[in-house]
Ligand code: CDP
Ligand code: CDP
(Lines of atoms letter the chains of each structure in order from A; the text may use other names.)
(Lines give C-alpha, C1' and ligand atoms only; values in the text may rest on other atoms or scores of the structure.)
(Ligands and ions follow the chains in the order given, each with its own letter.)
Protein backbone atom coordinates (compact mmCIF):
# COMPACT_ATOMS: atom_id res chain seq x y z
CA UNK A 1 0.00 0.00 0.00
CA UNK A 2 1.22 3.54 -0.78
CA UNK A 3 2.17 5.90 2.04
CA UNK A 4 -0.27 8.59 3.09
CA UNK A 5 1.00 12.00 1.91
CA UNK A 6 -0.84 15.15 3.03
CA UNK A 7 0.25 18.41 1.35
CA UNK A 8 -0.34 21.74 3.11
CA UNK A 9 0.73 24.73 1.03
CA UNK A 10 0.15 28.45 1.44
CA UNK A 11 1.78 31.80 2.21
CA UNK A 12 3.76 32.77 5.32
CA UNK A 13 1.87 32.89 8.59
CA UNK A 14 -1.22 31.08 7.31
CA UNK A 15 -0.78 28.52 10.10
CA UNK A 16 0.65 25.68 7.99
CA UNK A 17 3.26 24.41 10.44
CA UNK A 18 1.05 24.78 13.53
CA UNK A 19 -1.81 22.90 11.87
CA UNK A 20 0.45 20.28 10.25
CA UNK A 21 2.19 19.44 13.53
CA UNK A 22 -1.17 18.93 15.28
CA UNK A 23 -2.57 16.76 12.50
CA UNK A 24 0.67 14.72 12.42
CA UNK A 25 0.35 14.14 16.16
CA UNK A 26 -3.35 13.19 15.92
CA UNK A 27 -2.72 10.75 13.08
CA UNK A 28 0.59 9.45 14.45
CA UNK A 29 2.45 10.30 11.23
CA UNK A 30 5.63 12.28 10.45
CA UNK A 31 5.79 16.00 9.81
CA UNK A 32 8.17 17.68 7.37
CA UNK A 33 8.63 21.45 7.30
CA UNK A 34 9.97 22.00 3.76
CA UNK A 35 10.43 25.73 4.45
CA UNK A 36 12.86 24.91 7.26
CA UNK A 37 15.12 23.29 4.64
CA UNK A 38 15.27 26.53 2.62
CA UNK A 39 15.84 28.42 5.87
CA UNK A 40 18.70 26.07 6.81
CA UNK A 41 20.49 26.74 3.50
CA UNK A 42 19.93 30.49 3.93
CA UNK A 43 21.22 30.35 7.50
CA UNK A 44 24.36 28.54 6.37
CA UNK A 45 24.96 31.14 3.63
CA UNK A 46 24.67 33.98 6.14
CA UNK A 47 26.93 32.21 8.63
CA UNK A 48 29.52 31.49 5.94
CA UNK A 49 29.46 35.09 4.72
CA UNK A 50 28.14 34.09 1.29
CA UNK A 51 26.35 36.78 -0.66
CA UNK A 52 23.02 35.19 -1.60
CA UNK A 53 22.94 37.22 -4.81
CA UNK A 54 25.99 35.26 -5.94
CA UNK A 55 23.99 32.28 -7.15
CA UNK A 56 26.99 30.14 -8.04
CA UNK A 57 28.36 30.43 -4.52
CA UNK A 58 24.98 29.40 -3.06
CA UNK A 59 24.79 26.42 -5.43
CA UNK A 60 28.37 25.40 -4.51
CA UNK A 61 27.46 25.63 -0.85
CA UNK A 62 24.53 23.24 -1.44
CA UNK A 63 26.88 20.67 -2.92
CA UNK A 64 28.77 20.50 0.38
CA UNK A 65 25.69 20.58 2.60
CA UNK A 66 23.62 17.84 4.26
CA UNK A 67 20.03 18.71 5.12
CA UNK A 68 17.71 16.21 6.78
CA UNK A 69 14.47 16.13 8.71
CA UNK A 70 14.38 13.57 11.51
CA UNK A 71 11.76 13.24 14.29
CA UNK A 72 10.14 16.52 13.27
CA UNK A 73 13.45 18.41 13.51
CA UNK A 74 15.66 19.98 10.88
CA UNK A 75 19.34 18.95 10.74
CA UNK A 76 22.06 20.91 8.96
CA UNK A 77 25.33 19.02 8.46
CA UNK A 78 24.33 16.68 11.28
CA UNK A 79 23.48 19.45 13.75
CA UNK A 80 19.90 20.02 14.90
CA UNK A 81 18.73 23.59 14.26
CA UNK A 82 16.21 25.56 16.29
CA UNK A 83 15.12 29.17 16.43
CA UNK A 84 18.25 30.48 14.68
CA UNK A 85 16.56 29.82 11.31
CA UNK A 86 13.43 31.82 12.26
CA UNK A 87 15.01 35.27 12.67
CA UNK A 88 13.86 38.20 10.55
CA UNK A 89 17.32 38.23 8.95
CA UNK A 90 16.88 34.68 7.62
CA UNK A 91 13.23 35.38 6.72
CA UNK A 92 14.17 38.44 4.70
CA UNK A 93 16.69 36.47 2.59
CA UNK A 94 15.15 33.01 2.28
CA UNK A 95 12.89 33.73 -0.72
CA UNK A 96 15.87 34.91 -2.78
CA UNK A 97 17.65 31.64 -2.01
CA UNK A 98 14.47 29.63 -2.73
CA UNK A 99 14.13 31.06 -6.21
CA UNK A 100 17.47 29.63 -7.38
CA UNK A 101 16.51 26.62 -9.57
CA UNK A 102 19.50 24.45 -8.54
CA UNK A 103 18.73 25.01 -4.84
CA UNK A 104 15.14 23.88 -5.46
CA UNK A 105 16.32 20.83 -7.39
CA UNK A 106 18.71 19.90 -4.58
CA UNK A 107 16.01 20.16 -1.90
CA UNK A 108 13.23 18.63 -4.00
CA UNK A 109 15.15 15.38 -4.27
CA UNK A 110 15.72 15.34 -0.53
CA UNK A 111 12.09 16.21 0.25
CA UNK A 112 10.79 13.37 -1.92
CA UNK A 113 13.26 10.94 -0.36
CA UNK A 114 12.30 11.90 3.21
CA UNK A 115 8.60 12.03 2.30
CA UNK A 116 8.67 8.47 0.99
CA UNK A 117 10.05 7.03 4.23
CA UNK A 118 6.65 6.88 5.99
CA UNK A 119 3.13 8.32 6.20
CA UNK A 120 3.69 12.04 6.27
CA UNK A 121 2.27 15.56 6.28
CA UNK A 122 4.44 18.20 4.58
CA UNK A 123 3.98 21.95 4.59
CA UNK A 124 5.47 24.46 2.20
CA UNK A 125 4.81 26.29 -1.05
CA UNK A 126 5.04 23.58 -3.72
CA UNK A 127 4.21 20.32 -1.96
CA UNK A 128 0.97 19.73 -3.87
CA UNK A 129 2.19 21.21 -7.15
CA UNK A 130 5.74 19.78 -7.39
CA UNK A 131 7.01 17.62 -4.55
CA UNK A 132 4.04 15.22 -4.42
CA UNK A 133 1.72 16.28 -7.26
CA UNK A 134 0.00 12.87 -7.32
CA UNK A 135 -1.28 12.88 -3.76
CA UNK A 136 -5.05 13.30 -3.42
CA UNK A 137 -4.71 15.04 -0.03
CA UNK A 138 -3.94 18.64 -0.95
CA UNK A 139 -4.78 21.80 0.97
CA UNK A 140 -4.04 25.46 0.36
CA UNK A 141 -4.13 27.32 3.67
CA UNK A 142 -4.54 31.08 3.46
CA UNK A 143 -5.41 34.16 5.55
CA UNK A 144 -5.27 37.91 4.98
CA UNK A 145 -1.76 39.44 4.96
CA UNK A 146 -2.72 41.63 7.93
CA UNK A 147 -3.79 38.62 10.00
CA UNK A 148 -0.76 36.57 8.96
CA UNK A 149 1.53 39.47 9.95
CA UNK A 150 -0.24 39.84 13.28
CA UNK A 151 0.16 36.13 14.03
CA UNK A 152 3.84 36.05 13.12
CA UNK A 153 4.49 39.25 15.12
CA UNK A 154 2.80 37.78 18.21
CA UNK A 155 4.79 34.58 17.85
CA UNK A 156 8.13 36.43 17.72
CA UNK A 157 7.19 38.71 20.64
CA UNK A 158 6.21 35.64 22.68
CA UNK A 159 9.66 34.21 21.95
CA UNK A 160 11.25 37.37 23.33
CA UNK A 161 12.32 38.92 20.01
CA UNK A 162 12.05 42.68 19.55
CA UNK A 163 10.21 43.27 16.28
CA UNK A 164 7.99 45.88 14.63
CA UNK A 165 4.59 44.74 13.28
CA UNK A 166 4.93 46.79 10.08
CA UNK A 167 8.34 45.18 9.35
CA UNK A 168 6.81 41.73 9.71
CA UNK A 169 3.86 42.52 7.42
CA UNK A 170 6.25 44.02 4.88
CA UNK A 171 8.50 40.94 5.01
CA UNK A 172 5.49 38.66 4.53
CA UNK A 173 4.19 40.66 1.56
CA UNK A 174 7.63 40.78 -0.03
CA UNK A 175 8.08 37.03 0.37
CA UNK A 176 4.55 36.37 -0.97
CA UNK A 177 5.50 38.38 -4.04
CA UNK A 178 8.88 36.69 -4.66
CA UNK A 179 7.45 33.23 -3.90
CA UNK A 180 4.46 33.58 -6.22
CA UNK A 181 6.29 35.19 -9.14
CA UNK A 182 9.42 33.04 -9.33
CA UNK A 183 9.90 30.89 -12.43
CA UNK A 184 10.38 27.50 -10.80
CA UNK A 185 7.62 26.03 -8.61
CA UNK A 186 5.95 29.30 -7.64
CA UNK A 187 3.54 29.56 -4.73
CA UNK A 188 0.20 28.78 -6.33
CA UNK A 189 -2.82 26.76 -5.31
CA UNK A 190 -2.85 23.39 -7.07
CA UNK A 191 -5.99 23.02 -9.19
CA UNK A 192 -7.09 20.06 -7.11
CA UNK A 193 -6.20 21.52 -3.67
CA UNK A 194 -8.90 22.43 -1.16
CA UNK A 195 -8.55 26.09 -0.18
CA UNK A 196 -9.03 27.00 3.49
CA UNK A 197 -9.21 30.67 4.50
CA UNK A 198 -8.23 30.69 8.18
CA UNK A 199 -8.43 34.47 8.69
CA UNK A 200 -11.20 34.13 11.27
CA UNK A 201 -10.79 30.48 12.20
CA UNK A 202 -9.20 29.15 15.37
CA UNK A 203 -6.40 26.59 15.19
CA UNK A 204 -8.82 23.90 16.44
CA UNK A 205 -11.36 24.74 13.75
CA UNK A 206 -8.76 24.46 11.00
CA UNK A 207 -7.41 21.15 12.38
CA UNK A 208 -10.93 19.71 12.60
CA UNK A 209 -11.86 20.87 9.12
CA UNK A 210 -8.74 19.50 7.42
CA UNK A 211 -8.86 16.23 9.41
CA UNK A 212 -12.50 15.71 8.36
CA UNK A 213 -11.62 16.36 4.73
CA UNK A 214 -8.70 13.90 4.90
CA UNK A 215 -11.06 11.26 6.28
CA UNK A 216 -13.62 11.92 3.56
CA UNK A 217 -11.07 11.85 0.74
CA UNK A 218 -9.78 8.52 2.08
CA UNK A 219 -13.25 6.88 2.13
O1 CDP B 1 7.08 29.72 8.13
P2 CDP B 1 6.95 30.67 6.98
O3 CDP B 1 5.64 30.51 6.33
O4 CDP B 1 7.34 32.05 7.30
O5 CDP B 1 7.98 30.26 5.87
P6 CDP B 1 8.59 28.86 5.65
O7 CDP B 1 7.54 27.81 5.42
O8 CDP B 1 9.59 28.61 6.72
O9 CDP B 1 9.32 29.07 4.25
C10 CDP B 1 10.36 30.02 4.11
C11 CDP B 1 10.56 30.31 2.65
O12 CDP B 1 11.06 29.15 2.01
C13 CDP B 1 9.32 30.70 1.85
O14 CDP B 1 9.02 32.08 1.96
C15 CDP B 1 9.73 30.30 0.45
O16 CDP B 1 10.55 31.28 -0.15
C17 CDP B 1 10.60 29.08 0.68
N18 CDP B 1 9.88 27.81 0.48
C19 CDP B 1 9.75 27.36 -0.81
O20 CDP B 1 10.15 28.04 -1.75
N21 CDP B 1 9.18 26.15 -1.06
C22 CDP B 1 8.72 25.40 -0.06
N23 CDP B 1 8.18 24.21 -0.32
C24 CDP B 1 8.82 25.87 1.26
C25 CDP B 1 9.39 27.09 1.50
O1 CDP C 1 3.71 27.80 8.91
P2 CDP C 1 3.06 29.14 8.67
O3 CDP C 1 4.03 30.22 8.37
O4 CDP C 1 1.96 29.07 7.65
O5 CDP C 1 2.34 29.55 10.00
P6 CDP C 1 2.76 29.17 11.51
O7 CDP C 1 4.21 29.20 11.68
O8 CDP C 1 2.02 27.93 11.89
O9 CDP C 1 2.32 30.43 12.32
C10 CDP C 1 1.05 30.86 12.46
C11 CDP C 1 0.89 31.53 13.82
O12 CDP C 1 -0.47 31.91 13.89
C13 CDP C 1 1.14 30.59 15.01
O14 CDP C 1 1.68 31.32 16.07
C15 CDP C 1 -0.23 30.08 15.38
O16 CDP C 1 -0.38 29.84 16.75
C17 CDP C 1 -1.15 31.22 14.94
N18 CDP C 1 -2.49 30.84 14.40
C19 CDP C 1 -2.65 29.88 13.45
O20 CDP C 1 -1.66 29.27 13.04
N21 CDP C 1 -3.88 29.53 12.93
C22 CDP C 1 -4.98 30.14 13.34
N23 CDP C 1 -6.17 29.80 12.84
C24 CDP C 1 -4.85 31.16 14.30
C25 CDP C 1 -3.58 31.48 14.80
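Just so it is clear, glycine is given a Cβ too, placed from its N, Cα and C backbone atoms.
TrEMBL labels come from automatic prediction, so no person has curated them.
In TrEMBL this protein carries:
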type    : residues                           : note
DOMAIN  : 6-215                              : domain 'Cytidylate kinase'
BINDING : 10, 11, 12, 13, 14, 15, 16, 17, 18 : ATP binding site
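Features recorded in TrEMBL, as mapped to the structure shown.
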| residue | record | Cβ neighbours (10 Å) |
| --- | --- | --- |
| 10 | ATP binding site | 26 |
| 12 | ATP binding site | 24 |
| 14 | ATP binding site | 26 |
| 16 | ATP binding site | 28 |
| 18 | ATP binding site | 18 |
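The binding-site residues near ligand 1, defined by a Cβ under 6 Å from one of its atoms, are 12, chosen from 10, 12, 14, 18.
DSSP classifies residue 14 (ATP binding site) as coil under the three-state reduction. Looking just at the domain 'Cytidylate kinase' (6-215), the mean pLDDT is 95.
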